[in-house]
Amino acid sequence: MEIKEISTAALKEKIEADEELYLIDVREDEEVAEGMIPQAVHIRMGDIPEKMETLDKDKEYVFICRSGMRSMNVCKYLDEQGFKTVNVEGGMMAWEGETKPKN
């Protein structure tokens, strides 16, 4: 199954256009402490299996990590469970928009 991907530029456009977006950052606590996209929700990759029951299979979720590898693995896993997923190409390393420290 081919996983959909979005560039950081296209993601930034969606955020700036105030489009409805379900963005999940799957990095570790110490990584998001350095800054995350303000519109993102933080769910560590290791917590995804137990948290997936809180996700809605009718919604499309966009996943981001540091480089795009972990988020791709999360996308593949959730895709197999019947979720609609999109991976952010290049992850936070490619992101040039605003970030904020996680509270």
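Cβ coordinates are placed from backbone N, Cα and C, and glycine is handled just like the others.
According to Swiss-Prot, the active site, cysteine persulfide intermediate annotation covers CYS65, on the basis of sequence analysis. Per Swiss-Prot, the feature domain 'Rhodanese' maps to 17-100.
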Residues with Cβ closer than 8 Å to the Cβ of the residue listed as 'active site, cysteine persulfide intermediate', same chain and 6+ apart in sequence?
ASP25, VAL26, ARG27, MET45, SER71, VAL74, GLY91, MET92
In terms of DSSP three-state secondary structure, what is the assignment for CYS65 (active site, cysteine persulfide intermediate)?
coil
List the helix, strand and coil residue totals of the domain 'Rhodanese' (17-100) as derived from DSSP.
30 helix, 18 strand, 36 coil
